[in-house]
Amino acid sequence: MQLHTNLDYRTNTSWLQFIGVLFFLLLCLPIIIGIFLALPFWLYEQANPNTNKLLLESISNSSYDLVSLLLLILYIMKYKPMRALVLPAINFQVLKSFRMYIYVLIYYAISLLADMFILDELFPLAVQEQSDALELSTLEHYPLLLILSGGIFAPIFEELICRGIFLRFFEEKFTFWPAAILSSLLFGIAHTYSLGIMVSAFVTGIFACLLYKQTKSIVPAILLHILTNVIAFSIHTFRLLIALLSISRNLYIFINNIQNKPHVVKYN
């Protein structure tokens, strides 16, 4: 099924409909997931206190991201104003263009350089603040769940909202640049756990908007977001693995030295 239509087609989504979307995203969606997903996990944990809490929490977090994405897709498909707004921007034909992949790599390289300045120089504690807020130390024990959740489910969910809904809606009401700035601001504000991450997310959001502008599709923006997160989480997990291997090696050497230490016999 081809989802792409003419992006110049104006859906005239009203402000009231947009407020309704915000109401669904900020209130209804968390309540639905809380009742039908978070509550069952909590009840299971209470009934089985000896269960592997790290694994259960990792599965719970990944399930939350997956169910959020599925419910958002269902909402877009079933709610006519959102279907008319978002679907024209989902053009999978761009995947056939080699130039699109070049764009994604270029914007990734630029965003990486921007992050090196923002996160390393201006906000050196931002990465740790993000790790603590998202409880990445828990998911790090299960890298596959971390990659699926933070590297695939979350980027698709966020791009459907920020570029598929926010950018498209604001572009209808204003012009591209005000729409890009507003949607990127909202994207940054969503990362409230760290000021540095908020600034970084805003910059990345601008690049995602430019990708949409150049390709007439949010698919490249999704790919950029996935690429950014997957590489970041993979490096984070790799560093943890190296640290654990180093600790294990030092511990082995320490124990081995104790075992091989010669006993001193004292004579009276």
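Heads up, the Cβ atoms here are built off N, Cα and C, so glycines get one too.
Taken from TrEMBL, the feature domain 'CAAX prenyl protease 2/Lysostaphin resistance protein A-like' covers 143-231.
Under the heading transmembrane segment, TrEMBL lists 21-43 (among others).
Remote same-chain partners of the transmembrane segment (63-79), defined as residues 6 or more beyond its termini with a Cβ less than 8 Å from a stretch Cβ, comprise 24-25, 29, 32-33, 36-38, 41, 86-87, 148-150, 153-154, 156-157, 160-161, 164. If you look up TrEMBL, you'll see 63-79 (among others) marked as transmembrane segment.
Look at TrEMBL and you will find 100-119 (among others) tagged as transmembrane segment.
Summarising the annotation, TrEMBL assigns transmembrane segment to 142-162 (among others). With a threshold of 8 Å between CB atoms, the same-chain residues lying at least 6 positions outside the transmembrane segment (142-162) that come near it are 25, 54-55, 58-59, 61-62, 65-66, 68-69, 72-73, 76, 86, 134, 136, 183-184, 186-187, 190, 205, 208, 218, 221-222, 225-226, 228-230, 233-234, 237.
Residues or ranges marked as transmembrane segment in TrEMBL: 174-190 (among others).
Positions annotated as transmembrane segment by TrEMBL: 196-212 (among others).
Residues or ranges marked as transmembrane segment by TrEMBL: 224-247 (among others).
Remote same-chain residues near the transmembrane segment (100-119) are listed as 94, 126-127, 196-197, 199-200, 203-204, 207-208, 210-211, 214-215, 220, 223-224, 227-228 (criterion: CB distance under 8 Å, separation of at least six residues from the stretch ends).
Taken through DSSP, the domain 'CAAX prenyl protease 2/Lysostaphin resistance protein A-like' (143-231) splits into 79 helix, 0 strand, 10 coil. For the domain 'CAAX prenyl protease 2/Lysostaphin resistance protein A-like' (143-231), the model's average pLDDT works out to 94.
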